[in-house]
Amino acid sequence: MLALILTISICIFLKGSTCSYINLGSEGIVFGAPNCPVDIPLTCTNSTPIDNSCCFESPGGILLSTQFWDYYPPIGGNESFTLHGLWPDNCDGTYEQFCDDSLNIRSATDIVLNQFGDKVLYGKMSEFWKNFNGNDESLWIHEFNKHATCVKTIRPTCYDNQRYVKNKNVYDFYNITMNLYEKLPTFQFLAAEGIVPSLTQKYSKKQINDALTKYFGKAVYFKCNKYKALQEVWYYHYLQGSLKEENFSPIDTIINSNCPEENIQFIPKNGFNPGPQPPKSPRKGYLESPGKKGCLISNGLWYEAGTCATYAISQQEFGGYKIRSSKGYCGMNSQGQFTCNKQVDPTKNQFQYNKDTRKIGYGGNFAWCLDTEHKHGDGKTAQTPIKISDGQCDSFPVQYGGK
């Protein structure tokens, strides 16, 4: 009877909702869902704090379904964008990453296929959730450890203790991510408006924007590579209730496309070969701030009196950049300070690097501040940690100066 009552209340709520899509479990309820109020607001729209973190996703209230079109080397089917992930971004566009090591996993296949026996889900993941290097499993693990550990509403504590089994949150994340991807067939959206892969035909930004907006209902972010070719598409959503309820509400993208206004390529898979490419070597240079005295030394601290350290910046396997000095890889410590030493794991510290401005960012934020409360020494010889700005300090950019 309880299940029936809960089912009815959810269905009534859905009929009055603006949500475009939702999946319910076979019993008519979402497994292990908490007793969430039916009138809980969409994420990022609340005027007062929501205490129940099992019913309201925060701070990652923007959910992005991200898809890639990898044409060289060709990844995935010729008529499908591949799934990259489901990301919880903060309402201001910044984001957390690798939030809880205790939730990390080492295998996705064991959980989806062996523990839960879901051959259908595993088959879909294998076909559409592809890694450019051929190791799909490593991408699935990375996406969970980096992003899903930051999703508060699918923490194990948000499940009914009597019905929760180990790794149910992992299985749910993969299943929900795939469900949302299947509702966003980017290739078909574009093809329906005459935008198809071609080595000769080129398209305008307006054509692509109008096509995606028509079928998603809101403005969509799309990204081009250095060849002015379409490569990524991101769909932004707010969420109502727990992620387990899959009550996504489309919203406009909060960032602008980098694609040119005209002559955008949509290159067929197997239809492009750039020729021999020189090996990529790490960029090397100083980390400093234009007009600001000082720079970063090898331990990651800001110093005014000495010689700047040389930092190497290179791309990570799954996106983002890793930074290294003579002391070791660099990352953000438990106090939120930039630090470099041999204990830092670069795979858990993905920085951003804007090639045009040469600015370094972390978690979507490119503003840094001096943590003067924890400086070492005084005067010109003081060594001061830097941290990502919280909006309450005198911020400055950290810029890479190539040698």
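Every residue gets a Cβ built from N, Cα and C, even glycine.
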Candidate annotated in Swiss-Prot as N-linked glycosylation site, out of Asn46, Asn175: Asn175
Recorded disulfide partner - Cys36, candidates Cys19, Cys54, Cys55, source Swiss-Prot: Cys55
Swiss-Prot annotation, disulfide partner of Cys158 among Cys19, Cys44, Cys54, Cys295: Cys54
Assigned conformation of Cys36 (disulfide bond) - DSSP reduced to three states: coil
Candidates His84, Glu143, Cys224, Cys259 (recorded positions) - the one closest to Cys158 (disulfide bond) by CA: Glu143
From active-site residues His84, Glu143, His147, the one whose Cα lies nearest Cys224 (disulfide bond): His84
Surrounding CB atoms that lie within 10 Å of the CB of Cys99 (disulfide bond), all protein chains: 17
Candidates Asn78, Glu143, Cys150, Asn175, namely the recorded positions, that fall within 10 Å of His84 (active site) by Cα distance: Glu143
